[in-house]
Structure formats: C-alpha cells, structure tokens
Amino acid sequence: MLRKSLFALATLSTTLAFNPMAQAEEVNIYSYRQPFLIEPLLTAFTEQTGIKTNVVFAKKGLLERLEHEGRNSPADILLTSDIGPLFDATEKGLFAPLSSDIVNANVPAQFRDPEGRWVGLTSRARLIYASKDRVKDGEITSYEELADPKWKGRICTRSGKHTYNLSLIGSMIAHHGEEEAENWLGALKENLAQKPQGNDRAQVKAIKEGVCDLALGNSYYFGHMLTNDKEPEQKTWAESVNLVFPNQADRGAHMNISGAGITKHAPHAAAAQKLIEFLTEEESQKYYANSNFEFPVRPNTPRSELIEKYMGEFKGDSINLQEVSAQRSAAAKLVDKVGFDN
Amino acid sequence: MKTHSIRINNTTSNTTGWYISSWGAALLVALPVLSVFYLALFPEENIWRHLADTILPVYISTTLKLMFGVASLSVIIGVTTAWLVTMCQFPGKRFFEWALLLPFAVPAYVIAYIYTDILEFAGPVQGFLRDIFGWQSARDYWFPEIRSLSGAILMLTFVLYPYVYLMSRAAFLEQSMSLKDASRLMGCNPWQSFYRISLPIARPSIAVGLALVSMETLNDFGTVDYFAVQSMSAGIYDTWLNMGNLGGAAQIATMMMIFVVVLIALERIARAKQKQFHSTDRFKAIQAYPLNRVRSTLAFLACLLPILLGFIIPVGLLVSYSASHLDQFLSTDFLAHASHSFLLSGGAALLCLTLAVLLTYAKRLNPNRLGLTSAVRFSSLGYALPGAVLAIGVIIPLAAFDNRVDAFMRAQFNFSTGLLLSGTVFAVIFAYCVRFLAVATGAVDSSLNKVTPTMDMASRSLGMSPSKTLIKVHFPLIKGGLLTATLVVFVDCMKELPATLILRPFNYDTLATYVYQYASDEQLEQCALAALLIVLVGIIPVILLSKSITGTRTAH
C-alpha cells in the first residue's frame, strides 16, 4: 500500500511539475516584486516579443533557491524591490554581467552596477512625513535632526530592521561612520512614540491619528494613499501630512532602487536581456511612474503628474548604492545594539 | 515504558524490514533539519556572539511568554469545552461538538489582520468609544494595544485551542465508561470523577494537543510579524533577511528546535506516567450528565465564546468584505488555485499518514532496538522550523541530489537531466511532510498506544505477519486516529504559506499564496473572498473529522 501510494504520488508530481526542458521561447523570473506590480508589464512584453514569461513570487528565499539550484536553475532573472538582494546576489556571484547599449543609454551609471551585474529599474526617496497641524514648515530638515530631543515621543517608524530602514541607516554609516551613526540611532530610538511596527503607510496613519508627529516613509506610498479609491480613508492620512525631503542643504535625500539581474546560468539569457531592456524603455518606465508612483530611472521619462505636483524638484543623495549596501549588515547590528525594535 | 513490548518473533526478518524502512523514512524526513544544522555549524560569518550579547535574550523571553500564554489558555478552553460536549447534556451540545473545531480552519495570520481592523484606532470599536466620550486623538485615552504580546497570545489561542479540544475529546470518548461508573459507585461526584479519573486518563492526549499548540506557536511568523512581537521566529527572519546572515538564522532555528525537544520530552514524560489499556467495553454509550438550567446556560456560553471569537466574528467580517468584491472573485483563476491547494494538501496528507503509520508501527514492533525511538522523534523536528527556513532546508538536499544526478548523467551519457525534484510540486509536498509529520505521528501514536499489546500477541501467535496484523487488527481499531491525522495535516497544509511561496513551480498559485499577495500589503478586503474559501475548504474536513470521532463510539 505504501509503495503504491508513493508511486502514485511520484507520477502525479512529475506529470504536473513544471518542465524546465521546454523549448518555446520564454523567460523565467524569480520575483521579490508583487505580481500585480509587474504583470501588466510582462503581458505587454509578451505581446510585443512573443516571449512567454514565467514567474515565481516570494518575499524571501528566492535568492537561496537560485544559489542552491546552481547551474541547473531554470531562473533567468532575479527581480527585486530593493537594492539589498541585488547586492547579496552580486556578492555571491549569482549574476552574469550584462552589456547592453540600450540599458546603458536608459539607466544612469549611479543606478547600475559598474560591471553590469545588476540594473536599477525604478528609484524612490526615503522621506520624512510631518504632521500638517503639529509640525511647522522648516522645523525639521534632515535625518540628523530626528535625533534632537525636542522630538521625544513624537516619531513613528516601521521596524529598524526593515530593508528600507536598513538602507537608510547604512547610508548614515557610510556618511558619518559607525560610531556617530550609533549615537544617532540611539537618540532616534529615544524619540519614538511607540515600538516600531506596521508598514510605511501605517506610520502616516499614526500621524493622522495623533499617535506621533513625524514618520519615515518611502515616497511612492504618498501617491498610493492619495489616490486610493478602494480605501478612501487613506486619502485623509496623506492629507494630514507635509512631505519633507531631508538634507536638501547638503547631500540630499536617501535614495533606493528596485531592480533586476540576469542569472549566471540563465537558460534563456538572450530573452532575459530583452526583458530587462524592455523594462528600461520609455513605456515601461512610464508605467512604473504612473501606476506605482516610483521615480523612473530613465532620465527623460517624466514622473507622474501627482508626484510632480507634490514633490517638485529635489536633491537625491548621489552616493553609490554599492557603498550603502555594504553597510547594511553593520546597520542591522546597530539596530540590535541600541535595541531599536524592543 | 517497555511493558508493552511485543515479545513474539521480536527478531524475525518481518520486524527487521519495518525497522530498516522506518529508519530510512526518518532519515529522509530529517534531511532538511540536518541541512539547517549544517548551516548553523558552518555560517559564512558567525554572529552568534553579537546575537547573544544583544537581542537573543529578548527573543527567548518573549517566546517563552508567548508559548506559556497560548498553552495555558488553550488548555483551559480546549479541555473544558471537550468535557462539556462529551460528558454533559445541555442544549446545543450536538452543534458545539463539531462547531468547536471551526476556528481550526481559520489561518492565524488572517485572524490577526481582522482583529487589528476591528480593534485599532480607526476601527469600529475605538471609533464608537470616541463618539460616545468625545475623545479626539489617541493621546486622550487608553485602549489595549492589539498589536502586542497579549494580542498575539489571544490571536493564536483563538485558532489553536482546537488542537487541545480535538485530542482531549477523542480521549474522553475513548475512555471506558465502566471506570467512571466505578468511580461514581465509590462515591465520587462528577467533578471528582473528572479530576481523578477522566483527566488523568486523558492527559497523554492533552499533552499531544498541547505539544502541537506550543510548536505551532513557536513557528508562527505571520502574527508575530504583524504585531511586531520579537519572538524567536521573528528573530530568525530578521537575522536571515535583514542581516543577510542565514547561518545566524539557522543557529536561532537550531535553538528553537531545542525548545521542541524539551517539549516533546515533557510530552513523553506525561505520557509515560500513564499507561492503561481498554479492550472490551469502550463502545458502551456514554451516559451524559444532564445539567440544570443555570448550568446549561453557563455550559452553552462557555462553548459559544471560543466559536464566536475564533470563527463567527472573523468569518462574518470576511463575508462582509467579500460581498463588495464579488466581481474580482469571478475574474480570477480561482478553480486553478483551489485545485492546486487540494492537490498539494491531499498528497501531503496521504504521504504523512503513510510515514506516520510506518514510523509508529515500526517503533511498536521494535521497542528495544537501537535508536528507532530517537529517530522517530528526530523526524518530528521539522515541525519546529519556521516555514521559510524549512524551505531552505528542503532546497539544499533536493538541489544537491538533482545536481549530482545531472552531473553524473552529463559525465556518463552526455545528457543533462536538469532539476528533477527542485521547483516541482514534489518539493512542496515533501516540505509539507517534513513540517507536519509530527502532527500525524502524534495522532497515530497516541491511538496505537491505546491498543493493548495483547491484541498483537494474539494475532501474531495465530500466525499473522506484522503487516497483516496492522491491516486486519489495528486499522479498524485506530480508524479514528488515522482520520484525525490525515485531516489535521490536510487543513494545516491548506494554510501553509512561507514554504509554499519559496518552493512552488513557476506560475503556480494556491489559495494561500493568492491571499498572501494582498493581505501582506494590508489590503485584506481585496482577497477576503479567497481567504473565506480557505476557511470554507478547511471546514469540510473539520466536520468530517468531528463526525468520525463521534462515530468511533456510536457506530459500533
């Protein structure tokens, strides 16, 4: 009985399993980006090129899957929503260098690996959201000022170990050194209104609810909240805050990217390159800008009207993201050390 | 407890076959756990010192509080309600018998999202209070914070107590009425008879339920993550994903498995203290105590409350959310998601049952032989691994196997076999088995232990082989336990998320992964219908399960 059921199961699994040896032109994607963000782009890509796309989405673990599958991995592209995994995959040698004139023309050097192993597809700034009612214009102008004791009990943020905050803390280390960054983080911890929790939107909501006066959040969430017809309540959250682009007098606001890389053993490397090129072109960049309110990396592509209206021109930190990423694990240790999330 | 060893033909090749294949199965299931040990022992960068100096004590104490809270509440709810519906006569009893299992079908992460919606600042409860008392902002009043350790304890209890209920009800049902009759004749009142007779006899089963509750609590990630509770499983994710240190994460995971070893040991001790068998009169109908009006009302409320909190309120809210998003449901490829869920969960449930029977029966046949008991216990450790870590533990041996075979085929026949197992549904089913085998072995083992060894001896001395004895003698007796095992694993698999996400094939969604896409972005309304369907699908086995358990007693 045992043997029979095992056998049945094995047959079932092989017939139903994905077959990596299939011959049709296609490209296989391991994606950390949510499906609804990329599906329309992938559909457009298939319509234009006839290349089928296959996706596995997960928020974690795909990098490890890719690593252990090794030379037989079916994945062609790793798509991420943050610089972190791109950096890790590069360090582990999982990406093959890409040399594409199209990509080089579309993506400024600041947003891609010098050796072409990863490419940024969109960028965003990490902003300070400030209560319209309780924070005066110009009262806060930089990340450094978040450590000022006058904000005691007035700041909200998500977990210090969330990847967006780690990159920010990493950039503080890159600019000021570890010791100063630790003092800053410890003082910021003292100013928190509540234990770090929730996502970026939840922090803006907390400002609206009067829990705190300042919050850290990525720029595109503002657009999402302001246009949210499914949960109109979010519009009131967004309307209760002013946007502060930090450090405009010096280095500029901390920037992060979403991006992609082609795997070292990609079975469909040519198709993968086509897809990445496609994602850097005008149409795709516009789509990112208008549907997810991110900043296009392609210099001539306009940002969404809404973003243009509320954010205008600002100065972004031009430090190489490689340098910031290299400090991420030191940043995580600082978070533990000052007990930021406790 | 060596007393129930089966002495007949203890060393024949018959039992040796069972011995060897069960060792093989146990090792196979242990592979992912061993992979995690490997990662822990040989990390790329060792940060154990840093963890121990900073955050680890927080993880440990939070985890202990969480486990203690959930376990105590689950025992109180589970045992009380099981006793009431089994031994007392009051209105609604028949309904409660199965309805008390309903919360089991609700995934913990879903219930956490829902109660946050209800109880947070912007939710209806606080809004109502503000309207009444004229408060303006969150600074004007105090309200218990749902996103806290206590909140997490409550959420997990609401959906996990059915484990204790299920196990203790099965135990109460299987108890011999004559023991209780005897106790009453000796002058015990119903309470004394409960404390002195029923409860001690049911203790092994309660312990099994409790061990399951504790382990589920240990590796819950969805709730603790959403509530920002710094438990060990949250710490594993932090260390892995945010510090980029898989080795450190594996070290915490390993420590968590030590917790589980302790739990299992405690369970064994609880079980070993008691060993009694019944043979003849187990099917005599239970004489339920009739309750007077006041007591009936109390019993009614005691049974209603857990169902209300763990099922009616959350599901009601899901229904109301779904009503406004029906169009979305019609436009999705829902049937495909559902069939994937059924295929994976069904496959895993059957495989788990097979392995559980193999392991527990082999242990029964070879009680004194080297290491088998330890091997069986070791194979349960996968239950303690958080889903995503387990997934990595599964990827490592499967990918190694695939790549070895591929390299060999390339070298010998210049033919590439590629990845045979990695990235297929087999990988997912295997992960489910590693994860939930403990559930199945627990249930099968406790049923099998209740069958007196004299049955085996009689059957074997009449010339039946161990396999025939199993099929002809044991299966009919432990049918209820087998069904329980299968269905519990099935429902657990339906809800499983992190391992499914990481291991699944391309373009492959289950109901749970579909829900997750939206719920993780705090857009529960968008996926309420799919969440509701996970719950509904989970209910079917729950009802069957309840029927079959009751049936073990009444059908004969």
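Even glycines carry a Cβ here, placed using N, Cα and C.
Here is what TrEMBL says about this protein:
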type: DOMAIN; residues: B:60-267; note: domain 'ABC transmembrane type-1'
type: DOMAIN; residues: B:338-545; note: domain 'ABC transmembrane type-1'
type: TRANSMEM; residues: B:20-41; note: transmembrane segment
type: TRANSMEM; residues: B:66-86; note: transmembrane segment
type: TRANSMEM; residues: B:98-116; note: transmembrane segment
type: TRANSMEM; residues: B:149-172; note: transmembrane segment
type: TRANSMEM; residues: B:193-213; note: transmembrane segment
type: TRANSMEM; residues: B:248-266; note: transmembrane segment
type: TRANSMEM; residues: B:298-321; note: transmembrane segment
type: TRANSMEM; residues: B:341-361; note: transmembrane segment
type: TRANSMEM; residues: B:381-400; note: transmembrane segment
type: TRANSMEM; residues: B:420-448; note: transmembrane segment
type: TRANSMEM; residues: B:469-491; note: transmembrane segment
type: TRANSMEM; residues: B:528-546; note: transmembrane segment
Range from B:149-172, B:248-266, B:381-400 with most C-beta pairs under 8 A to the transmembrane segment (B:420-448):
B:381-400
Quick one: do the transmembrane segment (B:149-172) and the transmembrane segment (B:298-321) have at least 3 Cβ pairs under 8 Å, skipping pairs fewer than 6 apart in sequence?
yes
The transmembrane segment (B:341-361) touching the transmembrane segment (B:20-41) per 3+ Cβ pairs under 8 Å rule:
yes
Quick one: do the transmembrane segment (B:298-321) and the transmembrane segment (B:469-491) have at least 3 Cβ pairs under 8 Å, skipping pairs fewer than 6 apart in sequence?
no
Residue numbers, six or more beyond the limits of the transmembrane segment (B:341-361), whose CB comes under 8 Å of its CB atoms:
18, 21-22, 25-26, 29, 376, 379, 425, 428-429, 432-433, 436-437, 439-441, 443-445, 448, 466, 470, 474, 482, 485-487, 489-491, 493-494, 500, 510-512, 534, 537
At a threshold of under 8 Å on Cβ distances, which of B:248-266, B:469-491, B:528-546 pairs most often with the transmembrane segment (B:98-116)?
B:528-546
May I ask for the residues of the chain that lie six or more residues beyond the transmembrane segment (B:248-266) and have a Cβ under 8 Å from a Cβ within it?
33, 36-37, 39-40, 43, 45-48, 51, 56, 59, 63, 67, 207, 211, 214-215, 218-219, 232-233, 235-237, 239-240, 377, 380-381, 383-386, 389
